[in-house]
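Chemist: Here's a structure for you.
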Amino acid sequence: MEFQKFRTMHFPRDVYIGHDVLEHIVDVVGENSRNKNAIIVSGDLTYELAGRKVHDLLSTYGYEVHVFLAGNANYDTLERIEYESLDIQAGIVIGVGGGAKIDLAKKLAFDRKLPFVSVPTAPSHDGIASPRASLRRNGISYSEEGAMPIGVIADTAIMIKAPYRYLAAGAADVISNLSAVKDWKLAHRLKGEEFSSSAAAMSEYSAQEVLSQINEIKKYEESSVWLVTKNILASGTAMAIAGNSRPGSGSEHLFAHALEAAGVENMLHGEMCAMGTVISMYLHDENWQQIKEAFDNLGISIRSRDYGIEDEIVINALRTAHAIRPERYTILGESDMSYDAAVKALELTGII
């Protein structure tokens with residue numbers, strides 16, 4: 001049989017990570033923008049933290065910079081930005097902020113077929129360097145194809161200013177790759193889903209790097225931001241190799257999205273994934289205790305009551321999480337988990 005397999009992979013061309021690297025935005029935009037018009041998508045706080053400097057640097061070099069300050073990463077916000085930017089003949093889109101602002105920017109860039117540059121202000125999750133965008137509608141998160149960053153500028157001197165909680169959540173999101181890859185292997189074995197061993201290996205490597213150095217992740221340490229961010233970048237690259245989010249999104253992310261759909265709003269994405277990873281590793285009959293201990297060391301609680309979440313919400317989220325993306329097979333199976341089984345798993349792992 002004639003070999004016909006084909007795949008396209010897009011990777012960041014320019015990656016700057018470290019202390020005071022923000023000024024390299026001029027180099028990255030200069031090499032990749034199609035003209036002298038740039039769009040910045042940011043938020044009120046993150047614009048003051050880094051976006052204004054990006055604006056001023058590019059303006060100094062003759063760029064016409066158009067700034068859009070956005071709220072939550074949902075379809076209404078995306079549609080507003082896309083409508084308001086219709087008349088701008090932009091040559092590049094720059095996302096400055098946390099995960100939500102960067103997701104909006106990468107989706108805008110994808111829809112407009114423009115180069116995209118990611119400038120994260122917090123190492124809160126692996127979306128800062130992946131080609132996937134998470135957008136919400138009616139409280140439910142949907143994973144959309146977005147633009148893979150042509151450039152990433154992760155200035156640790158800026159990112160260290162974010163609350164430690166965001167750093168811990170970013171580390172947890174990378175560690176969650178372990179359960180995601182186990183789900184991917186399961187889907188490959190039972191459902192014949194296409195599997196990339198190289199993408200899986202990179203994803204697992206980034207998770208193990210964080211896990212093995214968990215005690216080095218500390219508050220107010222710029223080196224800790226460096227450690228987590230470089231593995232976030234590796235995790236995003238794994239998704240680019242796979243051509244989908246499988247290397248970093250499995251049952252633990254379905255559980256997190258089920259919590260979001262239930263109206264849980266006072267948890268960060270990485271914190272929800274931490275909770276989901278522990279339960280997923282338990283269901284896979286893996287060493288969930290080691291993962292839970294790592295989250296304890298990060299200062300992340302996986303007890304739902306610590307976030308003011310009622311037990312029934314968590315139980316229902318676990319039972320129905322499989323339905324969030326029914327086409328994505330995981331350890332959660334294809335039908336609702338029994339009530340008693342969900343309670344047993346959640347109680348044994350200490351989540352409820």
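Easy rule for this one: first residue shown is 1, then count along the chain.
Quick reminder: no glycine exception, Cβ is built from N, Cα and C everywhere.
So Swiss-Prot says this about it:
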type	residues	note
BINDING	GLY99, ALA100, LYS101, ILE102, ASP103, THR121, ALA122, PRO123, SER124, SER130	NAD(+) binding site
BINDING	ASP126, ASP173, HIS257	substrate binding site
BINDING	ASP173, HIS253, HIS269	Zn(2+) binding site
Chemist: For ASP173 (substrate binding site) and SER124 (NAD(+) binding site), determine the Cα separation and express it in whole Å.
Modeler: 8
Chemist: Using Cβ-Cβ distances, find the residues under 8 Å from HIS253 (Zn(2+) binding site) that belong to the same chain and are at least 6 apart in sequence, listing them in sequence order.
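Modeler: HIS253 (Zn(2+) binding site) has long-range Cβ partners SER176, ALA180, SER245, CYS273, GLY276.
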Chemist: Using a 10 Å cut-off between Cα atoms, which of these binding-site residues sit near ASP126 (substrate binding site): GLY99, LYS101, ASP103?
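Modeler: Passing the 10 Å Cα cut: GLY99.
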Chemist: Please work out which residue of LYS101, HIS257, HIS269 has the most C-beta neighbours within 10 angstroms of its C-beta, and give that one of the binding-site residues.
Modeler: LYS101
Chemist: So how many other Cβ atoms are close to ASP103 (NAD(+) binding site), meaning within 10 Å of its Cβ?
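Modeler: There are 30 such Cβ atoms around ASP103 (NAD(+) binding site).
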Chemist: Just how many other Cβ atoms lie inside 10 Å of the Cβ on SER124 (NAD(+) binding site)?
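Modeler: Other Cβ atoms within 10 Å of SER124 (NAD(+) binding site): 30.
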Chemist: For ASP103 (NAD(+) binding site) and HIS257 (substrate binding site), determine the Cα separation and express it in whole Å.
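Modeler: So the Cα of HIS257 (substrate binding site) lies 16 Å away from that of ASP103 (NAD(+) binding site).
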Chemist: For ALA122 (NAD(+) binding site), which residues of its chain lie six or more apart in sequence with Cβ-Cβ distance below 8 Å?
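Modeler: Set apart from ALA122 (NAD(+) binding site) by at least 6 residues yet with Cβ under 8 Å, we have GLY98, GLY99, MET159, ALA162, TYR166, LEU167, GLY170.
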Chemist: Apart from ASP173, HIS253, HIS269, which residues in this chain have a Cβ no more than 8 Å from the mean position of the Cβ atoms of those residues at the Zn(2+) site?
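Modeler: Residues close to the Zn(2+) site, other than ASP173, HIS253, HIS269: HIS125, ASP126, ALA172, SER176, GLY248, SER249, GLU252, ALA256, GLY270, MET272, CYS273.
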Chemist: Assuming the binding residues for NAD(+) are exactly those in the record, GLY99, ALA100, LYS101, ILE102, ASP103, THR121, ALA122, PRO123, SER124, SER130, what is the maximum CA-CA distance in angstrom, rounded?
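Modeler: Site span for NAD(+), by Cα atoms: 16 Å.
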